[in-house]
Amino acid sequence: MLFIYIFLIIFHRISSHTILKYTIEEKSPINTIIADFSKEFDIESNGFYKIYEVLPLNHNLFSINNQTGQLKTQSIIDRDQMCLKQQCSCQSCEIILQLEIKIREKILSKILEIKIKDLNDHSPSFDQQSLIHTIYIKENVPLGYRIVLPSANDPDEGLNSIQSYKLNGINSDDFDIDFSSYDIPYLIVRSSLDYERQSTYSLTLIASDHGQPLHSNSIEINIKILNINTSIPIFVQSVYNIDIREDTLIGTTILNIEASNDNNNEKIFYEILTESPFIIDRLTGQIQLSQTLDYEREKSYRLTIKAYNNQYPTYASIFIRVTDVNDNPVLITIRTEGNTTLKRKENDKNIFFIQENTSIGTTIAYIILNDLDSFANGNPYLQLRTNDPPLPLIYKLIYQNKFQNTKLYSLIVHQNLDRELRSIYNNIQILAHDSGTPTLHTQLFLILNITDINDCVPKLLTKSTIYNINENNPIDYIVDKLIAYDCDLNENAEIEYNLLNKTDLLIINSQTGEIRLNQTIDFELFNKYHEKNQTQIDLEFFIELKDHGQPSLSNQTKIILRIHDLAEIEYNLLNKTDLLTINSQTGEIRLNQTIDFELFNKYHEKNQTQIDLEFFIELKDHGQPSLSNQTKIILRIHDLNDNSPVFNKNQSYNWTYSKTILQPGSILGRIYATDNDSGLQGLIHYSINSLNSCLTLNITSLGYIYIPYGLTTISTCLESLYTFEVTAYDYDPINPRSTKQVLTINLHSNFEANHILPKLLPLSIQRTTIDVNTHNNNDNLIFLIDITTWNNHTYEPKIYLNNTTLLSCWNLSTTGELRLTSHPYSLSYMLSLNLIDEYTQMNSLINLHIDICNSSILNSCHLYSLSDNRTILIYAISLALCITCACIIIFSIIICLCCRKPIQHKNDKLTSIHHHSFLQCNDDYNTNEKIDHTSEQYKSSSNSTIRDDDHDSACIVNGHSLSSTSSSNDTWYNRKESTTIPMYSSSTYQYDIKLAELLRKNQHPPCIFLNELPPIPQSLSTDYGFSSLDLSKSSSTSTIPNQHVETYIDQSPTMKSFISSRECVV
């Protein structure tokens, strides 16, 4: 209790949030003791001390004894050099350390602030580069006239730096020194100057500090008084103060200085005496930036400017302050604490490994934020968040330093951790923001990995602990294999099984938990009292489950062996087979030979992955009379992937082609391999590897080898022999097998090719064209439909043709080979195809539109190629046609409204007078335009105009009434020439007039039909039938004389009139 009380007192003193402050003079000897923490905190023993620098700027300055806690200097500390290197503030140089004390598994942390006390070890020094030795003053300057003097530098701090300037010499009282602003000394005229009285002053300028001891330095200055008539440059301002942003571009003008003299004809020249990133135009006095500024490197500049004419110079001083720009993001440093370890991955993720028994309130890491910008743009702050709550961590600010823009946070556990419930916390984000505008932030990703401790007790998962054992068992009879579970990991989850009973009957495997009988059980030996009614005896055994963790955890369980008294039974196998044997006494069934699944799969069905074999067992006792029973057992044989794909040995793997017939998409041939396995283990797919970069080939999963569509280097291949490696794989997802085969391709330029290679047609192409002039042999393969790209999980795809009416013309194999078996009778075919994966039973329907062309006819195939390649042009033309039709309709309505004619009065018998107007609307028709025969023969007028006072009026638009094209018995691929039938617009005009007269005479016109040419019968195919006309060859080139068209009126009562009483449409 006393120890606990003392420990709590020590812990309370150390764990206070106050900052421990210490002071040490600069340039103290090495091993100078700064503090002794064991005495300061009354820690007698068992303490372990470590120090960390919050910002790693000053390495190897201090050291600590890990056992005694003495903090000492490790090197000579020069405060002035640290100030120049911006490792600490020049006003107050402080070094921040973090102290950790480990006492009995407890870690205590404190912040140490060590101030470096300045010594007056430097004397003031004047900059020799910008030194002013001679000052020229006109005698008529007013009292109080100010002139810039040379300034001195002293790297010491406070009173040890420059505190005053003074002048010594004859008549030095005529002048005074002002040292009140910007650390720049000014010479002030106190008395009237007289060139004739005294023209030269030889004075000493002394710069002094107020340190102990006092240091000073001096330079000689000559002041020359000039006559009132002497011309000397005079600056408009003797001191300039400006601010400039650190992101100012090079070449920017920051200031224009100006000096003048009494003689306006004299030129004044300017010069910068101080080395700096600025330049001055010696004629205009314009100062520009010549180098990039960096606030973090240099925060201010002091320039001495010289203006002079031919004889006398004048000096001015420019004080330039560099203003900070928020151009530095926050830097994040992470340091782990205690048992926590940190691992950084390549993807910028930091992984914390922390034990699951870490208590709430434990600090696992420290996060240090540092911003190189000024405090206004810096002042960083931390944010912790996650996309997968809850977040088991919180952060706490424990220290901040405004000069170094540094903040120190501790990362603390605030929830109970349990690896068995959750082992990983992903997507923890550390966000560090600054206070600048715009705000910059830095982001780190954390993964909290909870490591395992041995906190789980092994448990038995076996469902039953009572085992029924028949007597006369064989030796080494396996009773059971115990399965135990430990929710820990690795060694903490390794379980050892021990039998606690001392017995020779039972043994247990300590590693696997397998329980075996060590001897044959005789029920009568255990039935000591020979009770006849007792047919079973229970034997109890205790088993210990023990893991290998530290400390080890264990559990005990009880199992019961229930021994049964049995009558003697004989087991007989009724099937005649060499595959199986049975022990007639014990009933033990054994396989007598190795099973080959392929021998039982007689029909080599790929979908059959298991086969059931039935056997019948006879159970027979030895009583009188003997009784027996039969039972059936089934051996379910499963196929294993024990066969590799085998390439067809009868196939040649040395192919020869002419280079002229090789085109992108061309199929060179098919390689076929077989696999005797079943299921996915027996289905094959292929890959091909080219051993020459010039010619590359692809292969489908069905073995078809083709040239890729994107390949353009075939013509540049100079070699004649190319070697490829084809690999056949099965689809076994666990242990796939493969076989390789070398394929040789020979290319000859002078090799005569008598055929054209078929093309590979992807499923994405829904329309294609066939040139019958090229594919003149009906047995040739036209193209191959690539059914292997149907979906990503197709194993055994097959394709079938649904159009049974097209089987006389087309032949489609199940692998996608499409052949034209007879002369096509149509210009276009729509093939309906059914895709089936015979393994997964998935199916899909697709349509393939095939256009027939004949390259021997001019532009026959060219039109199809243009239509396939100009989809965007088709959309543009369609849009233009729509706009044109809209304009025509509007124009037609305007014409109809303007061209109405009054109709003469009719019979007095009519009860009312009807005014009829007739307008002939005749579309301009291009005689060379092709007519779509699939359109209707008779079209209703869409531009009919009906007025309220008109009961019967008609607007007949008959632009297509006489359009016609020549018909031919030959299809496009058989025609050699084409003729165009001329169109006669005059006959169309006469026909419309006759129709108009007919309509005027009939008040309620019935249905009007036009006797046109006999309609052309449509083909069974989808091209609507050019090739199915049965016309003579002569008729295909003749024209229709006079274009006479008859008109008749159907008056039959059975015909229903489709024209209303107000409108008649033709």
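Every residue gets a Cβ built from N, Cα and C, even glycine.
Values in this document were obtained by computation on a predicted structure and should not be read as measured data.
When pLDDT is averaged over the domain 'Cadherin' (16-126), the result is 85. Marked as domain 'Cadherin' by TrEMBL: 16-126 (among others).
Positions annotated as domain 'Cadherin' by TrEMBL: 129-235 (among others).
Here TrEMBL flags 236-331 (among others) as domain 'Cadherin'.
The domain 'Cadherin' annotation in TrEMBL covers 354-460 (among others). The DSSP breakdown of the domain 'Cadherin' (354-460) into helical (H, G, I), extended (E, B) and coil residues amounts to 0 helix, 56 strand, 51 coil.
Summarising the annotation, TrEMBL assigns domain 'Cadherin' to 461-647 (among others).
Taken from TrEMBL, the feature domain 'Cadherin' applies to 664-760 (among others).
Taken from TrEMBL, the feature signal peptide covers 1-16.
The transmembrane segment annotation in TrEMBL covers 872-899.
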Worksheet item: Does the domain 'Cadherin' (16-126) come near the domain 'Cadherin' (354-460), with 3+ Cβ pairs under 8 Å (pairs 6 or more apart)?
Response: yes
Worksheet entry | Composition by DSSP (helix, strand, coil) of residues within the domain 'Cadherin' (236-331) | 0 helix, 45 strand, 51 coil
